[in-house]
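Features of the protein shown, as given by Swiss-Prot:
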DOMAIN    3-147  domain 'Toprim'
BINDING   Glu9, Asp116  Mg(2+) binding site
SITE      His33  site 'Interaction with DNA'
REGION    34-70  region 'Disordered'
SITE      Arg173  site 'Interaction with DNA'
SITE      Arg174  site 'Interaction with DNA'
SITE      Asp177  site 'Interaction with DNA'
SITE      Tyr182  site 'Interaction with DNA'
SITE      Trp189  site 'Interaction with DNA'
REGION    197-202  region 'Interaction with DNA'
ACT_SITE  Tyr324  active site, O-(5'-phospho-DNA)-tyrosine intermediate
SITE      Arg326  site 'Interaction with DNA'
SITE      Arg512  site 'Interaction with DNA'
ZN_FING   602-633  zinc finger
ZN_FING   664-691  zinc finger
ZN_FING   713-738  zinc finger
Amino acid sequence: MGKSLVIVESPAKAKTINKYLGSQYVVKSSIGHIRDLPTSGSSSSKEPAAKGRKSASEAPALSPKEKARRQLVSRMGVDPEHGWKAKYEILPGKEKVIDELRRLAKDADTVYLATDLDREGEAIAWHLREAIGGDESRYKRVVFNEITKKAIQEAFSQPGELDINRVNAQQARRFLDRVVGYMVSPLLWQKIARGLSAGRVQSVAVKLVVEREREIRAFVPEEYWEVHADLGTAKGANVRFEVTREKGEAFKPLNEAQAMAALEKLKASAYSVAKREDRPTSSRPSAPFITSTLQQAASNRLGFGVKKTMMMAQRLYEAGYITYMRTDSTNLSADAIGMVRGFIEDEFGQKYLPGKANVYSSKEGAQEAHEAIRPSDVNLKPTQLSGMERDAERLYDLIWRQFVACQMTPAEYLSTSVSVTAGDFELRAKGRILKFDGYTRVLPQQSKPGEDDVLPEMKEGENLKLIKLDPSQHFTKPPARYSEASLVKELEKRGIGRPSTYAAIISTIQERGYVTTHNRRFYAEKMGDIVTDRLNESFANLMDYGFTAGMEEHLDDVAQGERDWKHLLDEFYGDFKKKLEVAEVSEKGMRANQPTLTNIPCRECGRPMMIRTASTGVFLGCSGYSLPPKERCKATVNLIPGDEIAADDEGESESRVLRGKHRCPICSTAMDAYLLDEKHKLHICGNNPDCPGYEIEEGQYRIKGYEGPSLECDKCGSEMQLKTGRFGKFFGCTNPTCKNTRKLLKNGEAAPPKMDAIRMPELKCEKVDDIYVLRDGASGMFLAASQFPKNRETRAPLVSEIIPHKAELDPKYHYLCDAPQKDPDGRPAVIRFSRKTKEQYVQSEVDGKPTGWRAFYDGGKWKVEDKR
């Protein structure tokens, strides 16, 4: 009897599983996905010659439309008009992995597909079976919610079959996303700007951020005042009260005058306790984590982004420390409940254990077969993890505490409310005393300011002494900006996306440049605004929240075998294609990205400038750009944002920023400010380009973010000015013939000058007809094609390649010429850059992968480290 082959996605998971299976199993990793639809540039638009096909002279010529359709299908890898025929390709670099798996599978009696238990894991398992091939009856599917000895042995004792319905649900999602992305994005390039993209779920998520941005822009903060009074008791205790009512009505002065008038009356009033109420209250623990609540808690308590949270959770799961981290169910297994109840009783005592297990309801549609996210072994404390980085330990600590707390008794408080009268005014103070800590012994709560104040003894009718009155100005706050965590919460609430897709959605909308983050809050970029509008107009259902959520439910139906996946795709595509054809029409189709004409004269030709928006931001472009070539003017003016970013989202800084903005004279929306130069600021309506409103303000302006003197160009000696580009602020030379730039570092200083590019004619490019030049970048030295950006080939240099050019090198790189040129086996030393230490080192490589031999420059000497 031969051995059985077990295939999982990751080496870490393989290593953990291998501990629990006997020697009759061979556990191998596919290292993630092995097949996919064509990636950019991987699929040729040329059709292979077929046996018996007519020659080119005999074959009927394809119409331009049909030729374009075939090229699109070739790029997409899926044909929506011919039964959704798909062309999957082995991913680059995975050929050796597949060859090894085929070889091992050939000698195996059984092939166990032990990929993750969600739809994506099911799809990976199917792709593995399809790519490896052979008798399908040899393949078995095993799933487990946690990588423990018991769970693994149970899964392998009862293997199942691949669930093709779940595979088809994943394929349907992939095909939908591919069709929308590949067919709408070119339309955006044509109508709005190059380099834009659309996505079935991505664009809807951007719409949420854009709509919130518009709510904020339209919001007009209103002033109001609060008055607090510090009062003293007969026993000398001081208590802070808030003035809440005047003559029975809510007290809310609208300006300083009203607040000061109230202060005069309060100064002349006598203060007496009208009522004291003490009542018991309690606080129940919340449910164990699901994917979305884990992401929110990790953001709020640990400051983790969604992507980092899922990365750390993945490592914990693969090491066997937690259950599967992509779940929407709060369900806990009977074994898990028994384990944690025993732990609570042993660790904290009977009074912390409720009479029966706490049960939490999941949202409708949650997969109850899955469990909530919890520790695999509650007895394993966070400090006892082995081989985990600090951030993974912190996340485990959060998961462990939430799990234990969710099965503990409530925290009990004595809440106190005291009302005081002062003439026509009523004042109120609240506080509470913790009587029994309950679940908070494990999971301390984040209290609101003043919530846990302890009020001293005060009896009804007791007179209090006025110590101080404290008036404070406030402004009403606009809707809060989304953070990564709150956007995930909103997506979940609206039924958009699933636990396995939240992190990808959040990452994608940032990578596409439609939104940016400042102080961990999302801001919609102008291009995100424009694209959202155009997609809303041309693809109303695609951008509709209900439609997107409905599609998720339909995909759930496919996974349950209750709906045919190709019928679902056909229904979507029929309507989508009609809308796309209408949008593509030149006149009545999708609105183009029209510029706004201004009265600002072009510095080169005198024609009026226009406000334009590109994928890189807002700028001024000469109206003469559209003229015939001989008369054309290509002058542009970079616009530097002149607005402050709100310092935080919890306070009133957003309101104060809004109050400082100009309001559009046409539509009253808050305007965005940009610096034209040191004497002119341009205010552009937040609804531009739909609203043409703008204003020019004169004054003396200084660019925020730089407090030092102007710089002298290290190349030509001219002045360098601070500018803002797609990737942030930088210094650019004012000499039009000099293209020198230097980044602005976070500390407000200019980055060190870059080394001039060094031509290396002896080094020929590998993929294009060009030679290499040695360049100096943010990640140290690298080789790049001399005709960049036409040719984009780059690679790391060898030590032996830079030595002949030592005289041309910047002295700061001379030490690299003294590095070892080869490892002990004669492999050449490659110069690499460490993002962690921000320093260059050398290492030997085989097929682009480190051999284990490397050398570091430390203390003026090269030190070799050999881990081969």
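Quick reminder: no glycine exception, Cβ is built from N, Cα and C everywhere.
Values in this document were obtained by computation on a predicted structure and should not be read as measured data.
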*asked:* Between C-alpha atoms, which of these recorded positions comes nearest to Arg512 (site 'Interaction with DNA'): Glu9, His33, Tyr182, Tyr324, Arg326?
replied: Tyr182
*Here are the recorded sites: His33, Arg173, Arg174, Arg512. Which has the lowest count of other Cβ atoms within 10 Å?*
His33
_Spatially closest candidate among Glu9, Asp116, Trp189, the listed recorded positions, to Arg173 (site 'Interaction with DNA') (Cα to Cα)_ = Asp116
*Spatial neighbour of His33 (site 'Interaction with DNA') that is closest, considering only the recorded positions Glu9, Asp116, Tyr324 and their CA atoms*: Glu9
*Count the Cβ atoms, other than its own, that fall within 10 Å of the Cβ of Arg326 (site 'Interaction with DNA'), considering every protein chain shown.*
24
*Most crowded position, judged by CB atoms within 10 A, among Tyr182, Trp189, Tyr324 as recorded positions*: Tyr324
_To the nearest Å, how far is the Cα of Glu9 (Mg(2+) binding site) from the Cα of Tyr182 (site 'Interaction with DNA')?_
28
*Over the span of the zinc finger (664-691), count residues by DSSP class, listing helix, strand and coil in order.*
0 helix, 14 strand, 14 coil
*Quick one: give me the count of other CB atoms within 10 A of the CB of Asp116 (Mg(2+) binding site).*
24
*Look at the recorded positions Glu9, Asp177 and tell me which residue has the greatest number of other C-beta atoms within 10 angstroms of its C-beta.*
Glu9
*Arg326 (site 'Interaction with DNA') to Tyr182 (site 'Interaction with DNA'): how many Å between their Cα atoms?*
28
_For Asp116 (Mg(2+) binding site), which of the listed recorded sites (Arg174, Asp177, Tyr182, Trp189) have their CA atom within 10 A of its CA?_
none
*Tally of helix, strand and coil residues over the domain 'Toprim' (3-147) according to DSSP?*
50 helix, 24 strand, 71 coil
*Could you measure between Tyr182 (site 'Interaction with DNA') and Trp189 (site 'Interaction with DNA') for me? Cα positions, answer in whole angstrom.*
11
*What is the three-state DSSP composition of the zinc finger (602-633), stated as helix, strand and coil residue counts?*
4 helix, 13 strand, 15 coil
_For the region 'Interaction with DNA' (197-202), mean pLDDT (0 to 100)_ = 91
